[in-house]
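Visitor: OK, TrEMBL features for this one:
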type	residues	note
SIGNAL	1-21	signal peptide
DOMAIN	22-323	domain 'Plant heme peroxidase family profile'
DISULFID	32-109	disulfide bond
SITE	59	site 'Transition state stabilizer'
ACT_SITE	63	active site, proton acceptor
BINDING	64, 67, 69, 71, 73, 83	Ca(2+) 1 binding site
DISULFID	65-70	disulfide bond
DISULFID	115-319	disulfide bond
BINDING	186	heme b binding site
BINDING	187, 238, 246	Ca(2+) 2 binding site
DISULFID	193-225	disulfide bond
């Protein structure tokens with residue numbers, strides 16, 4: 001009887017998990033078997049005409065997950081109060097690519113695939129297009145029903161101290177190691193001089209520029225982003241490797257060649273500095289750790305922040321509007 005009761009409890013627990021629609025790899029294998037290939041095709045086609053699509057889609061995933069969880073809330077466009085208009089989301093794009101994928105999915109499997117899952121899958125495909133690691137994405141997210149600009153007030157910022165960055169990541173259940181690895185996503189893409197002004201010219205009353213910048217690198221940055229120059233000019237975030245997803249950005253951080261202030265701060269803290277250095281040990285190529293494998297662990301973990309499953313969300317018909 002005791003054994004039977006235990007088995008019953010296990011079955012009941014399992015049934016609850018199924019009802020709640022927990023994330024799992026291959027969630028759409030029966031209901032929309034071509035879902036992932038459709039998203040991949042749209043992302044690949046977009047990248048052929050717009051070269052910066054990979055970093056744009058990767059950034060979109062990060063920004064979506066850090067506000068209200070990975071629920072597609074950043075996609076909503078319902079006026080000036082919509083989350084996507086938050087100051088912390090400046091420059092975030094890729095919305096049209098997600099919309100194209102959704103339109104094709106709705107034509108194939110109407111009302112099945114969430115916009116939140118499309119964002120996560122598109123980020124995975126974007127990384128692969130930049131020669132980054134391939135990985136499986138657990139799916140089954142549902143789309144959120146809230147989009148409010150005020151909810152994005154606490155996004156990680158390029159001028160945050162390392163203590164602030166660690167606190168913001170910890171608040172989302174992410175560790176110092178996750179902070180380093182997810183920051184390393186800056187290995188692809190560009191930033192605007194707008195985000196460089198403080199670091200280059202107004203870092204502190206005692207020093208015009210951030211002393212962490214390598215003296216040989218500072219003139220290069222200042223020539224691209226001159227004081228009182230065009231703040232919309234863009235520059236690579238990963239010196240020498242901005243189109244390839246690799247650990248070069250971490251080596252740049254170690255040697256004072258970080259572009260973003262927040263990336264440089266990773267070397268100010270003993271814990272995050274140790275994580276950065278761990279990928280460059282003499283025996284690392286043989287015994288690890290593997291940057292690619294660790295990055296995958298961190299982005300999959302990030303992709304499960306605050307997800308809505310089961311009856312807690314909806315499957316939007318159009319990604320920019322609630323049903």
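Note that Cβ sites are derived from N, Cα and C of the backbone, with glycine treated the same way.
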Visitor: Roughly how many angstrom lie between the C-alpha atoms of residue 83 (Ca(2+) 1 binding site) and residue 115 (disulfide bond)?
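Guide: That separation, Cα to Cα, works out to 15 Å.
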Visitor: With the Ca(2+) 2 site defined by 187, 238, 246, which remaining residues of that chain have Cβ atoms positioned within 8 Å of the Cβ centroid?
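Guide: Apart from 187, 238, 246, the close residues are 184, 186, 188, 241, 242, 244, 245, 247, 248, 249.
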Visitor: Filter the binding-site residues 73, 186, 238, 246 down to those whose C-alpha lies within 10 angstroms of the C-alpha of residue 65 (disulfide bond); answer none if the list is empty.
Guide: 73
Visitor: Residues with Cβ closer than 8 Å to the Cβ of residue 225 (disulfide bond), same chain and 6+ apart in sequence?
Guide: 193, 196, 197, 200, 231, 233, 235
Visitor: What's the number of neighbouring CB atoms sitting within 10 A of the CB on residue 193 (disulfide bond)?
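Guide: Taking all protein chains shown, residue 193 (disulfide bond) has 18 Cβ neighbours within 10 Å.
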Visitor: Cβ within 8 angstroms of the Cβ centroid of 64, 67, 69, 71, 73, 83: which residues besides those meet this for the Ca(2+) 1 site?
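Guide: Counting only non-site residues, the set is 65, 66, 68, 70, 72, 74, 144, 146, 147, 151, 306.
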Visitor: Rank the binding-site residues 64, 71, 246 by the number of other Cβ atoms within 10 Å of each Cβ, and give the residue at the low end.
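Guide: Ranked by other Cβ atoms within 10 Å, the binding-site residues 64, 71, 246 bottom out at 246.
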Visitor: From the Cα of residue 115 (disulfide bond) across to the Cα of residue 71 (Ca(2+) 1 binding site), what is the distance in angstrom?
Guide: 8
Visitor: Taking only the recorded positions 59, 63, 246, which one has a CA atom nearest to the CA atom of residue 69 (Ca(2+) 1 binding site)?
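Guide: Given the candidates 59, 63, 246, the nearest one is 63.
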Visitor: State the count of C-beta atoms found within 10 angstroms of the C-beta of residue 186 (heme b binding site), not counting that atom itself.
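Guide: By my count, 24.
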Visitor: Starting from each candidate's C-beta and looking 10 angstroms out, tell me which of the disulfide-bonded residues 65, 109, 319 has the most other C-beta atoms.
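Guide: Sorting the candidates by Cβ neighbours within 10 Å, the top entry is 65.
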Visitor: Roughly how many angstrom lie between the C-alpha atoms of residue 186 (heme b binding site) and residue 115 (disulfide bond)?
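Guide: It is 24 Å, counting Cα to Cα.
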Visitor: Going by C-alpha positions, which of the recorded positions (67, 73, 115, 187) is nearest residue 32 (disulfide bond)?
Guide: 115
Visitor: What does the structure give for the C-alpha distance between residue 187 (Ca(2+) 2 binding site) and the residue listed as 'active site, proton acceptor'? Integer Å is fine.
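Guide: Approximately 17 Å lies between the Cα of residue 187 (Ca(2+) 2 binding site) and that of the residue listed as 'active site, proton acceptor'.
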